[in-house]
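J.: Straight out of TrEMBL:
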DOMAIN    44-392  domain 'Aminotransferase class I/classII large'
BINDING   137, 373  substrate binding site
BINDING   186, 246, 247, 248, 249, 279, 280  pyridoxal 5'-phosphate binding site
MOD_RES   249  N6-(pyridoxal phosphate)lysine
Ligand SMILES: *Cc1c(COP(=O)(O)O)cnc(C)c1O
């Protein structure tokens, strides 16, 4: 094989993607992230597709904290954690996020993708088993692949299949069993039934671990996450055993991930987790800003409350406009179009009308389940949400999606 034939094959693959309409184009934004963004051509758009749930991505207090951390702790550390990449603020953030979630300790990663990628292999071996929801995030699937434990998959959100798979794992003689689920599933806004899952895990002596990327900061009455929402955070103590999550969504949206759990779990991850041992430490600006985010959220539930009020408003208004949405309460609002081409046309027309949304279709969602996914933010004003719904109504009528 020559470089030429190699590159020709890649070109063929790219063309095949394009021909199938699967190429993902990147739109260029020339403003900070926010309820409204400005494109490179100067056009303003109401933004309904960021993970900026709490509106913290360009929040003045968060940006000021990032700048202060650069001034006091520098720009970068040029080291992994265990050589010379651990500052006082890294230790503080680990303690603070652990306390926020109701667990003993936490470990930081460059991303939640790495937290999930480095979770399973150090903790579980061939004698153990992992029981995973069929729709778990790609990073969980990859993390499980890197681990020698026996793998079992239960049908998405299906509690009787979960129990059945646990029985199979136990019958096969598993030493330890870990059940893993997304706390909230990103394509549907489905909230895992952690209370039922905890009871099933207890019956089978299994650990329960969750990925809280679409929950930390705003689910539950004080925003601690899905475990709080489902009643598994009592007197500030989590009865979910292990929680992974991100600083790259609601908590400021820059980057960084974490795993929180019992002391021994976190200590072993520090010794053995490969993305932690072999990748650079989190930049001080992100650490300082993340501490400020936790100050904000521990001081007031105002942002979380606004987010849920905005979500209820948008869900009611878009349904009244004639759209079919997946029922629920999460700020992820899947607007069902079913047809992939229609979903893309709807997103394209909305862009012309000044509303930024993304269409999702196979293979990101099942065949025939194409949708436009809206994500509501605390930063949206009711007026922005109403204008977006009016645009949805107009575009939907033009395309024959709604009457
Ligand atoms: C976004 C996401 C991740 C990855 O988070 P990063 O910090 O961006 O790597 C992992 N799991 C789930 C469920 C996510 O939604």
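Backbone N, Cα and C atoms are what each Cβ position is placed from, and that goes for glycine too.
Walk me through where these features lie, including what they touch and how far apart they are.
T.: Close to residue 373 (substrate binding site) in the fold, though at least 6 residues off in sequence, lie 49, 187, 332, 333, 334, 335, 357, 358, 360, each with a CB less than 8 Å from its CB.
Neighbour list (residue 247 (pyridoxal 5'-phosphate binding site), Cβ cut-off 8 Å, at least 6 residues apart, same chain): 253, 254, 255, 256, 257, 258, 286, 290, 293.
Taking the Cβ of residue 249 (pyridoxal 5'-phosphate binding site) as reference, residues of its chain lying under 8 Å away and at least six apart in sequence are, in sequence order, 51, 52, 53, 213, 214, 216, 217.
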J.: Using a 10 Å cut-off on CB atoms, tell me which of the binding-site residues 186, 246, 279, 280 is the least crowded.
T.: 280
J.: What is the interatomic distance between the Cα atoms of residue 279 (pyridoxal 5'-phosphate binding site) and residue 137 (substrate binding site), given in whole Å?
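T.: Cα-Cα distance, residue 279 (pyridoxal 5'-phosphate binding site) to residue 137 (substrate binding site): 22 Å.
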J.: Measure from the CA atom of residue 137 (substrate binding site) to the CA atom of residue 246 (pyridoxal 5'-phosphate binding site) and give the result in Å, rounded to a whole number.
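T.: Cα-Cα, rounded: 13 Å.
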J.: Among the binding-site residues 247, 279, 280, 373, name every one whose Cβ is found under 6 angstroms from ligand 1, counting any of its atoms.
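T.: So the answer is none.
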J.: Looking at the domain 'Aminotransferase class I/classII large' (44-392) alone, can you tell me the average pLDDT?
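T.: Overall, the domain 'Aminotransferase class I/classII large' (44-392) comes to a mean pLDDT of 97.
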J.: If you run the three-state DSSP split on residue 373 (substrate binding site), which class comes out?
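T.: SS state of residue 373 (substrate binding site) = strand.
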